[in-house]
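Annotation comment: Swiss-Prot describes C70, C249, H274, E278 as Zn(2+) binding site. Annotated L-cysteine binding site per Swiss-Prot: G71, T111, H274, in sequence order. Positions annotated as motif ''HIGH' region' by Swiss-Prot: 72-82. The motif ''KIIK' region' annotation in Swiss-Prot covers 116-119. As annotated by Swiss-Prot, motif ''KMSKS' region' applies to 309-313. Residues annotated as ATP binding site in Swiss-Prot, with similarity to another entry given as evidence: K312.
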Amino acid sequence: MLWTRRACGGAWLLRAARGPEPGRSASGARGQGWLQPTGYDTGVKVYNSLTRRKDPLIVSRADAASWYSCGPTVYDHAHLGHACSYVRFDIIRRILSRVFGCTVVMVMGITDVDDKIIRRANEMSVSPASLARLYEEDFKQDMAALKVLPPTAYLRVTEHVPQIVAFIERLIANGHAYCTAKGNVYFDLQSRGDRYGKLVGVAPGPVGEPVDSDKRHTSDFALWKAAKPQEPFWGSPWGDGRPGWHIECSTIASLVFGSQLDIHSGGVDLAFPHHENEIAQCEAFHQCPQWGNYFLHSGHLHVKGGGEKMSKSLKNYVTIKDFLRSTSPDVFRLFCLRSSYRSAIDYSEGALLEARSLLRATAAFVEDARAYLRGQLAGGPIQEDVLWERLGRTKAAVQAALADDFDTVRAVDAVMDLVHHGNRQLKAASEEPRGPRSPAVLGAVVASVEHFFETVGVSLAERQCVPGAGSPAALYSLVEELVRFRLKVRQFALASGEAPGEARRQRLLERQPLLEACDALRRDLAVHGISIKDRSGSSTWELLDPRTEDPKPRS
């Protein structure tokens, strides 16, 4: 059994309980009213679940925007539904920092004690603590594989039980919670009056508690659960037990950020009751009119034609590990980018193939443009003024889209339109290979396309060709020399000179084995993820993603 001595809340508890910090101005809003913060205006208008409209995103500090993210309950492998939510918020975080100059301090809570964890641990005949550690590490590995940036800090519930106890004590002292004879502690929703329901506008009602519970009102929710046989427990003034679900996030967020939080995020299914109850707890604890300024919610990942949420309870899920065996994280990220983070998204092979096709087209354009810049792709003049103008319009369109509730759909469309026009210019240039070349504008277009995808976490340039290989630069040079040597052999085999008809035919026949060897080398390299393209008078090469055979241009 677990036993942790109760400690006082310490300085953080006094600081957090002082109430609202200065620097908020009143603003008209629906229902309970929303207080528009003052501070650093990011330049973004974001859909705020508190107001159900797009509000200016104003954070307390540009160099330390506070963001709390609900983390996983670690009892099993994470699935694509989880991946979709975390990837979408990772994209937003990257955009905030890399486009709008806002340094994000993100904290993620890890629920490592819970009914599901206890039940699964009993099924596997292991301790809840060891099970939770196993799947916590599994979750972190999945996030790294998806290229989701880690939060500034992960905080486990089990390592903050004393602070949770102190938080509950203050709620009781403030008249917002009560202890029962059975040793349970509940939040008294009646004490909030009409201030409950800020987020989703629902009236208090019974949520997930047994009918025969010892609550005063059916709508009250558990802050502390009395210990049961064969379950982990901690000591408290009300007897042995463990924390309820909602109080965990409220305590952890307050521990780090105090009485004011800039951004709170999670899946749309967490809006009620979880986030609604967090708001009630924190505003009762801090005695403030507004604790969290912006609540962002991501839509579900749906299967079966959009009618069913992907979830473990419905047994219709695909684990992240299984998915990544056949699909690259870049394809999945582009799949997520092609819908609003707030909307439900249908999981289908068709949608993934479309994302893969777009990534392939972008990678091919970048490689062709680089070949043109290196002089390996024959080409003539490009309509520079047209391409420069399109590049400027694209940059402005991307900036405007991202400032409008992180509209990645419009941003991706704008970039793909630029790629389309760049391809058209390259094709026209290759059809008329005479005249002056125009590499500068194509270089600027490639840099802009790569910058956008790097900003949102999609890799177009894979610097390491083969896993476990030595220096990527050395390998690059080796392949470059090999392709150059092959090109010379191929050009020699195809050259007929001034020989007459029969002599020319005989010469080509004699050199046929050289062409066959060149083709064999191309096939052999393709097996190892290197694709060679023979062009008129030149040959270029590119890397292939071994899971998808999509080209990945070299940096």
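Every residue gets a Cβ built from N, Cα and C, even glycine.
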Positions on the same chain near the motif ''KIIK' region' (116-119), where near means CB under 8 A and six or more residues out: 73-75, 128, 131-132, 231-232
Residue numbers, six or more beyond the limits of the motif ''KMSKS' region' (309-313), whose CB comes under 8 Å of its CB atoms: 76, 79-81, 269, 300-303, 347
Per DSSP, three-state class assigned to E278 (Zn(2+) binding site): helix
Listed in sequence order, residues with CB under 8 A of C249 (Zn(2+) binding site) and six or more positions away: Y68, C70, G109, H274, E278
PLDDT averaged over the residues of the motif ''HIGH' region' (72-82): 97
Distance, the residue listed as 'ATP binding site' to G71 (L-cysteine binding site) (CA atoms, angstrom): 16
Tally of residues which DSSP labels helix, strand or coil - the motif ''HIGH' region' (72-82): 3 helix, 3 strand, 5 coil
Lowest local Cβ density (other Cβ within 10 Å) among binding-site residues: H274, K312: K312
DSSP-derived class (H/G/I helix, E/B strand, else coil) of G71 (L-cysteine binding site): strand
Number of helical, extended and coil residues in the motif ''KIIK' region' (116-119), per DSSP: 4 helix, 0 strand, 0 coil
Cβ neighbours within the same chain of T111 (L-cysteine binding site) - under 8 Å, at least six residues apart: G71, P72, T73, V74, I117, V157, W245, E248
Shell list (L-cysteine; ref centroid = CB of G71, T111, H274; cutoff 8 A): C70, P72, T73, G109, I110, W245, E248, C249, G266, L270
Residue among binding-site residues C70, G71, E278 with least C-beta crowding, 10 angstrom cut-off: C70
Any further residue of that chain within 8 Å (Cβ to the Cβ centroid of C70, C249, H274, E278) of the recorded Zn(2+) site: G109, W245, H246, E248, S250, H264, G266, L270, H275, N277
Three-state composition of the motif ''KMSKS' region' (309-313), taking helix and strand from DSSP: 0 helix, 1 strand, 4 coil
Residues G71, T111, H274 [recorded L-cysteine binders]: greatest CA to CA distance in Å: 13
